[in-house]
Amino acid sequence: MLTSIKLPIVIRAEINLVLVVVTALGLLSRLYGINFPKAVVFDEVYYGQFVSLYTKQVFFIDESGPPLGHMILAFGAYLGGFDGNFIWNRIGAEYSSNVPVWSLRLIPALAGSLCVPLCYLLVVELGYSHLTALGAALLFLMENSLIVQSRFMLLESVLIFFLLLAVVSYLRFHNAQSDSPVRLAWLVLTGVTCACAVGVKYMGLFTYFLLLGLAAVHTWQLIGDRALSNVSSLGSFFCLSMNISSVVLMQVVGPHDQMMSSAFQASLEGGLARITQGQPLEVAYGSQVTLRSVSSKPMPCWLHSHKANYPIRYENGRGSSHQQQVTCYPFKDVNNWWIIKDPGRYLVVSSPPRPVRHGDVVQLLHGMTSRLLNTHDVAAPMSPHAQEVSGYIDFNVSMPAQNLWKVDIANREAEQEVWKTILSEVRLIHINTSAVLKLSGSSLPEWGYRQLEVVGDKIYKGYQPSGVWNVEEHRYGTSQEQRERELELHSPTHIDINRNLTFIAKFLELQWKMLTVKHEDSEHKYSSSPLEWITMNTNIAYWLHPASNAQIHLIGNFVTWTLANLALAVYVLLFLSYLLRRRRKIEDIPEATWCQLLQAGVVCAGGWAVNYLPFFMMEKTLFLYHYLPALTFQILLIPVVLEHLHTHMCASLRRALHGVVLAGLSSVYLSFRTFSPLTYGQPELSAEQLASLRWRDSWDILFRRR
């Protein structure tokens with residue numbers, strides 16, 4: 001066998017030196033002086049909080065979007081040994097010695113660096129020359145705004161990296177021979193990188209859908225190639241995998257745990273888990289419980305009462321029962337405790353405990369005031385269409401007690417289901433009026449201490465979280481006397497029974513909460529509108545030195561932005577001109593060239609459009625950096641249009657075009673050099689030099705006169 005092997009075995013490798021050079025230049029431009037400044041730069045104050053929480057494995061709601069991007073930043077922090085101990089409270093705060101600044105900023109810088117060769121490869125895959133691809137790489141290399149966004153702990157460079165890699169991978173797949181062994185690998189990489197882009201920011205969906213549209217066209221052309229459908233399935237699967245890993249990482253109670261269900265909180269280390277661990281599982285007659293509203297809107301809260309009555313008359317002249325107030329209170333409090341009472345029996349748990357089941361009729365006795373939960377045909381204070389809920393006081397005024405409630409377990413598996421601590425979602429239905437105990441969401445006035453209103457809703461239909469409650473804290477009551485019971489209610493609960501929420505349930509709840517949590521958007525000094533982006537009428541001051549004129553701004557290369565807008569306009573004119581003439585059976589360019597121009601337009605002009613136009617429909621605070629993915633695709637259109645014009649011009653005009661291209665590249669470089677002090681934060685400029693850089697009146701460039 002060995003004699004049949006022919007020697008020597010030869011491996012040939014081709015190295016594209018141009019690609020190596022532009023990669024090295026990309027690394028140099030993004031990694032140079034990455035430690036400067038050793039202070040919090042703009043949104044690092046925001047992302048740093050997530051990084052610290054991930055590093056400490058503390059649970060929180062990643063409310064800004066999907067978690068993959070923050071997890072990538074946290075991985076960079078982990079590589080540098082960051083322990084998460086830093087207070088991210090203001091822009092410009094000096095980093096302490098335990099913060100590895102280079103590590104926090106390394107991954108965004110590497111991603112931004114690798115975007116330079118990806119631009120080169122993308123243009124080559126579109127069928128254009130290596131010289132044109134070099135021009136695209138150089139334009140991207142010298143774009144000041146992209147450099148700034150890459151050098152700090154921010155996510156745009158990571159997003160752009162995945163978008164470009166997804167497009168390059170798909171084009172490699174499309175251009176590969178059908179029998180090539182690596183063709184499927186490029187398709188898999190397309191799905192993975194599309195999913196990663198969506199996992200970093202939801203706006204990655206725009207390019208994902210663009211590629212799906214392009215794939216649909218190619219599939220129609222090659223209808224027999226069924227492998228293209230894997231783009232969607234692979235992308236969706238990997239995106240889910242990235243989101244699942246966020247649940248695995250976050251195991252410890254944190255600042256947003258109260259937004260989650262009681263079951264979710266109880267599965268985290270510390271906090272509620274420390275309180276509820278070992279509580280009795282089955283709610284019994286005589287159980288002492290706190291009842292939490294399943295709805296977290298407007299905020300998580302617990303059924304509550306206190307020694308204060310409803311006013312005899314409200315400000316609008318309506319009357320009340322003047323009985324004890326029942327509210328929903330958004331804080332842990334001893335007045336949140338209630339006793340599940342069997343009507344006509346004692347208040348302690350029997351031996352053995354007698355569990356409460358679906359359909360049972362109970363009374364709820366307030367632990368600290370001994371008032372029974374009651375509702376009747378009296379209008380609620382803030383919701384007059386619903387019934388008032390009160391702690392019953394017998395004033396002997398022909399207002400009988402109506403304090404019987406039927407237990408309806410909404411998520412039961414059987415008709416005789418037992419009411420379980422944390423796990424059961426329960427509706428309390430009033431026996432006399434069929435009203436459901438419900439959180440209205442309205443806040444009571446000063447007389448109600450601004451607590452949330454609880455009502456009896458007679459028109460309740462279907463499943464509404466505001467009308468569903470779960471037992472959060474639970475103990476078996478042993479004290480019959482009021483004074484002894486009050487002491488018991490103040491003591492902690494601990495009985496050795498354990499339970500856990502399933503992993504898939506935690507995952508689904510977290511994803512839903514991340515999608516539905518309400519963001520409080522507000523105006524920001526540097527917020528801007530999409531119309532201001534395309535002509536760069538705005539900028540963002542990322543960092544200002546506290547004692548000198550050194551500063552860093554998000555300002556783009558003015559020449560590049562102008563050329564990109566011009567290239568887009570020229571491409572649209574070319575496209576419409578060719579399209580109209582082809583309609584009249586006049587073919588100015590070969591079919592292959594038309595298809596090449598069309599595909600380049602879909603990728604570059606289409607990439608710009610899908611990453612820019614949707615922002616006009618978004619009701620959120622927007623910033624200039626939201627435009628950078630669109631700008632990336634628009635920049636690639638410049639060399640594409642230039643090569644097309646060069647190829648189809650007469651010889652005399654080509655020489656003139658050479659001069660225009662040389663002048664354009666020189667202008668791009670000079671603009672890059674001019675604004676580099678604001679890109680890198682050094683060297684420090686004088687007040688006069690800074691004033692000279694204010695090319696637009698709308699730019700906010702600050703300086704100190706000495």
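Heads up, the Cβ atoms here are built off N, Cα and C, so glycines get one too.
Automated prediction, rather than curation, is the source of TrEMBL annotations.
What TrEMBL annotates here:
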DOMAIN    280-343  domain 'MIR'
DOMAIN    353-410  domain 'MIR'
DOMAIN    414-474  domain 'MIR'
TRANSMEM  68-88  transmembrane segment
TRANSMEM  109-140  transmembrane segment
TRANSMEM  152-171  transmembrane segment
TRANSMEM  183-200  transmembrane segment
TRANSMEM  558-580  transmembrane segment
TRANSMEM  622-642  transmembrane segment
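Stretch with the most C-beta contacts under 8 angstroms to the transmembrane segment (558-580), considering only 68-88, 109-140, 152-171, 622-642: 622-642. If one looks beyond the transmembrane segment (68-88) by at least 6 residues along the same chain, the residues whose Cβ comes under 8 Å of a Cβ in the stretch are 40, 44-56, 62, 95-96, 98-100, 102-108, 153, 155, 158-159, 196, 199-201, 242-243, 245-246, 249. By the Cβ criterion (under 8 Å, sequence separation of 6 or more), the transmembrane segment (183-200) is in contact with the transmembrane segment (152-171), since 3+ such pairs are found.
Counting only same-chain residues 6+ beyond the ends of the transmembrane segment (109-140), those with a CB under 8 A from a CB of the stretch are 16, 18-19, 22-23, 25-27, 29-31, 34, 146-147, 149-151, 157-158, 160-161, 164-165, 167-168, 171-172, 175, 560, 563, 596, 599-600, 603, 632, 635-636, 638-640, 642-643, 661, 665, 668. Helix, strand and coil counts under DSSP for the domain 'MIR' (414-474) come to 6 helix, 27 strand, 28 coil. Panel annotation: around the transmembrane segment (622-642), residues 115, 119, 122-123, 126, 128, 132-133, 135-136, 139-140, 143, 145-146, 149, 154, 156, 159-160, 163-164, 203, 207, 524, 526-530, 532-534, 536, 538-540, 554, 556, 560-561, 563-565, 567-568, 570-571, 574, 600, 603-609, 611-612, 615, 657, 661 of the same chain, lying at least six beyond its termini, place a Cβ under 8 Å from a Cβ of the stretch. Sorting each residue of the domain 'MIR' (280-343) by its DSSP state yields 3 helix, 30 strand, 31 coil.
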